[in-house]
Every structure is written in C-alpha cells, then in structure tokens.
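Asks: This structure is in structure tokens; I'll ask about it shortly.
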Amino acid sequence: MVNCKEVLSKNTVAGLGLGQFLSLLITSTGFLSSELAKRGINAPTSQSFLNYIFLALVYGGIMLYRRKSLKAKWYYYVLLGLVDVEANFLVVKAYQYTSITSVMLLDCWTIPCVLFLTWFFLKTKYRLKKLVGVVICAAGLVIVVFSDVHSADRSRGSNPVKGDLLIIAGATLYAVSNVSEEFFVKTADRVELMSFLGIFGAIVSAIQISILERNELRSIHWSAGAALPFVGFSVAMFLFYSGVPILLKISGSTMLNLSLLTSDMWAVLIRIFAYHEKVDWMYFVAFAVVTIGLIVYSVGDKMDENPAEVADEEVEQSKQFDEEAVDRGNSRIISALQNGEALPLLKKQHSMEKGTQ
C-alpha cells in the first residue's frame, strides 16, 4: 500500500509538476503552429531552427565560461542533433497527410519504444506498478481518440497511409532522442548536452532549410502577426528543451513521454476557456485517467536504477567500511604502543587468531 509520504515525496511532486509544465509548453507550440498555418506559413524546420540557435548561444556561452573538458564524444551529439531535427520534421509533416486522431494515436508509439530502448540499452528495470501506470495512461489516450471519433474528427486526410508512416517514423526517432538525452544527462553533463544539441541541431536545420524550405521562406510576408508566433514558438521550444533534461534526470524518459500525453487535454481546456468552445465530456474523463496513471507510475517501486551503478555503490560502501575498520585497528595499536601495552595486545590478538583457526 502506498503511503502519503511516498506519494508526496519531493521527487514525485517535482516530476509531476515539471512534466505538466512541459506538457503546457508543447500545447502552446501547437497553438502557435496553427496560427502560423492560418497565415499560410508552413516551414517546420525553420520554426525549430531558431530554438537550436537559442540553445547554442545560451548553453554554449555557459560551457565556454566554465571551460570544462567534454564528458562525451562530440560525434555522438552530431547523431543526436540529426535524429532530433528529423523527428520534429516528420511529426509536423504528418499533419499534412493524415487526421489529427491518427497522429494522436500513433504518437503513442514513442512510449513502447522508450520502454524497450531503456530496458535494452540503459538496463532499466520496470516492475508491475510502473507498467500499470503506463497502461492507465495509454487507456486515457484511447478515450481521447474515441472522443474525437465520436464528436468531430472523421476526416482521413489526403494520404492517410503516408501520414501514418511519417508519424510512426517520427515517434520512433523521438524515442531514440529521449533515451539518448537521458543517457547523456546521467553520464555526461546537461549544459554540454544542450549546447551541442543546439549547435549541431542548428547546422542540420540550416542544411535542410536550404534544400527544402528556401522558396517557402521567400514567399512569407513578414509582419508583426507572422513574426510574433514564429518567435513565440521558438521561445516555448527553448524552455521545453531546457526543462526536458531536468525531468529526465528526476524521472526518466518514460515519465517524460507519459506526461506529454496530457498536452491534448490542456489544449481542450484552452479551447474551452480562451475560445469558449464546447468539447465532449469524455475529454475530462481522459484527463483524470491519464493523471491517475502518472501518479501510479511516479509512486511505483523505486526501479529505474542501473544494476551496475548499484553494484558499484555497494562495493564502494564495503571498501569504506573496511578502511574504517583498519583505521580503528591501527589507532588501537598506536595507542597501545604509546602506553606500553603493545605486547599484551599482540598476544591477545595472536590467541584469538589461533582460536579461530
């Protein structure tokens, strides 16, 4: 039975709170993207480009000021930057071909991918309570999908098969990116990760923009109405990317992806209070179900530990215990020598050793 202290532990509350803050940021990027789309601006890589520039400038400046040597090979960050850019591109591109219901459903493919990658590469073990939390969260999302089908979204898109394949590919790359970031956060350095992700993400984005989005950028009529959502999107993404490594260190990549499931529910609340739209009652049930799943996952048995790290910690504790025992023994001998009692003490030790033999 889960007690109140376990539920309200510092890490649990911090993980849940930060996860929902990141979910709100993702929701805001969705609304800003839709605002840009209304104005005829369709340049997903260009939108992400400014975010990578912010990461490179802010965290790169911190890294230069600290002047520390790299804790991970630079070419790993090149691969991470490539994966991250393409994941963003594929998911945004999928909206052009398939329905929002399909995107919401297939985007959940990230969660089993993350579970497998963390188990296979990071040696993370998940007990029953953790897996139950994942299942509850997935059930909440299924309720959302049924609500969409029941209420409004019946369109299939211009090319559903192509769109579904794009979203599955993007979700897989998101999983690879999240698990890689979790690895670097726990073994390298958060500032180093963000600075190199920004640098190489900006380079990859610039190359892709020059190939795919040159004409789109030339056709944009830049005004305050177009520039503000563009910059706002980048600022929200910068805050999201800055918060992700913190949540990864606290709760891991599975908790990150489960938290982001609530982004669609936050979007519903914004539609209700900001745009005064009516939504299906099933959304509120789904929000409650996902929230319960997140709590169950967060307060589950303490499992996300690397067995190698636990073994190293036990060895270190054993060494420390042995060193303390030796120090106590040496102190007694020195004290005995100073008091002229060394010979009786040595005789006593010798007789005890003989008895044990």
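Cβ coordinates come from backbone N, Cα and C, glycine included.
Not my notes, these are from TrEMBL:
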TRANSMEM  12-33  transmembrane segment
TRANSMEM  49-65  transmembrane segment
TRANSMEM  74-95  transmembrane segment
TRANSMEM  101-122  transmembrane segment
TRANSMEM  131-149  transmembrane segment
TRANSMEM  161-179  transmembrane segment
TRANSMEM  191-212  transmembrane segment
TRANSMEM  224-248  transmembrane segment
TRANSMEM  255-275  transmembrane segment
TRANSMEM  281-299  transmembrane segment
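What's the neighbourhood like for each of these?
Replies: With a threshold of 8 Å between CB atoms, the same-chain residues lying at least 6 positions outside the transmembrane segment (12-33) that come near it are 6, 44, 47, 92, 229, 232-233, 236-237, 239-240, 243-244, 246-247, 250-251, 255-256, 258-264, 266-267, 270, 294-295, 298-299.
When Cβ-Cβ distances below 8 Å are used as the criterion, the transmembrane segment (49-65) is approached by residues 81, 85, 191-192, 194-195, 197-199, 201-202, 205-206, 209, 230-231, 233-235, 237-238, 241-242 of the same chain, each at least six residues removed from its ends.
Among residues of the same chain six or more beyond the transmembrane segment (161-179), those with a C-beta under 8 A of the stretch's C-beta atoms are 80, 83-84, 86-91, 93-99, 102-103, 106-110, 113-114, 117-118, 121-122, 244, 248, 253, 256-257.
Panel annotation: around the transmembrane segment (191-212), residues 43, 45-46, 48-49, 51-60, 62-63, 66, 68, 70-72, 74, 77-78, 80-82, 84-85, 89, 181, 184-185, 241-242, 245 of the same chain, lying at least six beyond its termini, place a Cβ under 8 Å from a Cβ of the stretch.
Within the chain, the transmembrane segment (224-248) has long-range Cβ neighbours (under 8 A, six or more residues past its boundaries) at 15, 18-19, 21-22, 25-26, 28-29, 32-33, 35-36, 39, 41, 47-48, 50-51, 54-55, 58, 178, 181-182, 185-186, 190, 193-194, 197, 255-256, 259.
Nonlocal intrachain contacts for the transmembrane segment (255-275), taken as residues 6+ away from its ends with a CB within less than 8 angstroms of a stretch CB, comprise 15-16, 19-20, 22-24, 26-27, 30-31, 104, 108, 110-111, 114, 133-134, 137, 140-141, 144, 174-175, 178, 244, 247-248, 283, 286-287, 290-291, 293-294, 297-298.
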